[in-house]
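Asker: Handing you a structure now.
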């Protein structure tokens, strides 16, 4: 391809740039959507029924009894699919990169020069270009070859509750087939023994086998309500409503970042009530990811004390006074430091101290904005870098500006410009970054900062000391370079950077070559504080029997100390130190067994891929519902691997949020998401399923009993209008009201008693046993609903002396008994009556009587006699006192076993829900406010640093792709005490080399308590 040469490019007939991220368009929506919907077995089944109903020899029901519910279900689902398709098309623009988007290799040839093109030069759709007013660009991989289009995946996601529904579906179809076979056999027997007696007024099929065959299909139609066609669409409505509750929850709104909670999917709400394992990132998820420069070590001397330690040791107010940086006009007023000796070292021009801050001011990829003199704003790739550059700024080494070839800093009031020759960028494997610069005097130097284990084979004692306080340590080193060697290395670096094959490997070898024999300057320690409410949230989740695994890239000691800080780890716990290759195929089961017997699991030094592997391991062998929560791009794999992914919108961008199912701004909101919204959603969905199956099974089983009294003739016990409206009007809204508004206890008590969450993990609310109990209850209720009205109307007369045992009167009494009974049963199931519930329940009952009287009028009969044959039945039947007595008796007998069972079980073996509800009723007090726990312990265990960078900004600095004006010429920003001479390491820092040769002997360090405990060998991540 050639830039600005359209004719040349058109000769290759490349694909167009058009892409399609939606499934439908206005012409294909209807056929494609119907095709997808009829792939559902329930919809296909009802389409099959509709075909059977147009066969006169089989059907005893009008076609509209099936068409009306089917069309309604298809219409609602189609509308939802259309909305989802529009929404998903908008979201695709913001899809996060997946593992196919992290590499690109190319070369740009311009004016006979070759320039390296890698993934850092690729802007994906949805990216924002900053720090420049314009740039040259070239579109590549457009059309259907667009990289994010190639990364779009599709396919069904399976969860435990859905698997159970499919299992129940198989049982239901089996039950339907069994009932139809029984009734078909009964028809054959009846035809042989009694059929000839009805020849005069009932046409008889001479072939009884064929008659039984037709009867089988007739009862397939009549008993179709045992298969709930509206179940799926009702579930979608319930899930949508519960999703909106999450979006509307003001207690999950974070005012500081103006971020509300968001349910990004509507299909996983009930799974939130069944979580057994939570996998959490540390930095930015449990912690704030807002770094503060707390301590440092220079030439073996430690500087700095944080405020919490001063309170712990009860130091005097004078000793707690922060350093006064008023001598530095460019200092950041928000920066606080409490060790006055460090600023004195800067003012005294100690060479090591100046070299330390000079490195921090030069070795980074921070961008500086200075819109007016002295007003510096740093844009850092990571919070660590921002904290370190800000620290150097306050101590007199101010980073002012950069260009692709230079870095300008102000050293103790003197502006100096360094030539930037190379940036050896950070990545997750290197865990370090270096810059090669030439100072104004012409001296070449390499400055490096990185994780302790990478820069040295053995840690400096002062670095370990910081790690014991949970601080993130970073080691600084330098190396002077020879001009001749660097020129030759630079040439090889350029050749490797434009190579089309093995580019990364070649560059890595060059980086390793030059980053040798460096001399130690010192170490930094920054603090990442816990977010508000983290400790309380973790304690509440632990009480809910949720196992929490922290997966972090930090060192073991750092991760361990954070565990103590948030009470995941406690002193009374025994420790298990797991090392080496735990995720290897021959070790993973042993690792899982060991981890599952632990109260707390903290996996350290794990890569993003290993985080996902840990999640997959638990999913594979534990068969439990898992949740992963994180805030950065390195958590995306873990979030996608778990059943439910939660993204935190923090300091590391929106990649985690865009990959998640639910998102919010603070980790503490997780307890409300699970213990309130998740538990309510699961409880409501389980109640909905139990009641839905109950009312449909009961409705259908009455047909089954009636078949034994109608000669197995496939006559319906109900009026056709009632059959059509039963699920759509008479029982639809009450169950939806329960499924959207019901609460066993309110949100406050749900948080006060996290143990309420445990039944969801055990699937106690809806299981195979619960399903069988529901079917058994329906079987009993159907017996009562058929035989009590049958006995009450058998051989009876009305007040006017006329016969009261006609078919139409019996059908209406049975319909009334059924409608009242299912409403009473719903009232027993409801724990929380609202105005809406009252409106839906009483309104549905009222609608039943209004429509019944309307459909049984003379006017509708005249319009369509075949469809409205029950003329006058409502007036003649429902004015009889014995009818209402029958309705009351039937309803009482149907719910009596339920009432007795619930009373006895609550007295003998009450559930946790019943115990809490009883306690709440006894207390008669409002829900308690969430308690805040105070940390009373600060661990002194060792920990270490895990570099929080992401790969990629180093090449940007030297690429020339941004414009930045030179530093503003200004007056002296400091009150200098003289100019700093060139740095030369002296003292203890000169005695260290990266190859681990110890030139100055030091005192041996005693092993930590962690190292004294047993080790399980050959099991590291």
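Just so it is clear, glycine is given a Cβ too, placed from its N, Cα and C backbone atoms.
Caution: TrEMBL annotation is automatic and unverified by curators.
The Mg(2+) binding site feature in TrEMBL is assigned to 281, 283, 631, 635. TrEMBL lists 1-67 with the feature domain 'P-type ATPase N-terminal'. Taken from TrEMBL, the feature region 'Disordered' covers 978-1007. Under the heading transmembrane segment, TrEMBL lists 44-64, 146-165, 172-190, 210-233, 688-709, 721-741, 770-792, 839-861, 882-904.
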Asker: Are the transmembrane segment (172-190) and the transmembrane segment (688-709) close enough to be called in contact, which here means at least 3 C-beta pairs under 8 A that are separated by 6 or more residues?
Answerer: yes
Asker: If we skip the immediate neighbours and take only residues 6+ beyond the ends of the transmembrane segment (210-233), which ones have a Cβ under 8 Å from one of its Cβ atoms?
Answerer: 40, 42-43, 45-46, 49, 52-53, 57-61, 66, 69-70, 72-73, 76-77, 169, 172-173, 175-176, 179-181, 183-185, 187-188, 191, 692-693, 696-697, 699-700, 703-704, 707, 712-714, 716, 723, 726-728, 732
Asker: Please list, in sequence order, the residues in the chain of residue 635 (Mg(2+) binding site) that are at least six apart in sequence and whose C-beta is under 8 Å away from its C-beta.
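Answerer: The answer is 281, 285, 608, 611, 628, 629, 647, 656.
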Asker: Need a quick answer: max count of Cβ pairs under 8 Å to the transmembrane segment (688-709), which of 721-741, 770-792, 839-861, 882-904 is it?
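Answerer: By Cβ pairs under 8 Å, 770-792 leads among 721-741, 770-792, 839-861, 882-904.
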Asker: Can you work out whether the transmembrane segment (882-904) touches the transmembrane segment (770-792), with the criterion being 3+ CB pairs under 8 Å where the paired residues are 6 or more apart along the chain?
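Answerer: Taking Cβ pairs at least 6 residues apart, the transmembrane segment (770-792) and the transmembrane segment (882-904) are in contact, with 3 or more under 8 Å.
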Asker: What is the Cβ neighbour count of residue 281 (Mg(2+) binding site) at a 10 Å cut-off, with all protein chains included?
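Answerer: The answer is 30 other Cβ atoms.
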Asker: Taking residues 6+ outside the transmembrane segment (770-792), which of them lie with a CB under 8 Å of any CB in it?
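Answerer: Contacts with the transmembrane segment (770-792): 168, 171, 175, 686, 690, 693-694, 697-698, 700-702, 704-706, 709, 717, 764, 810, 813-814, 817-818, 821, 882, 885-886, 889-890, 893-894, 897-898.
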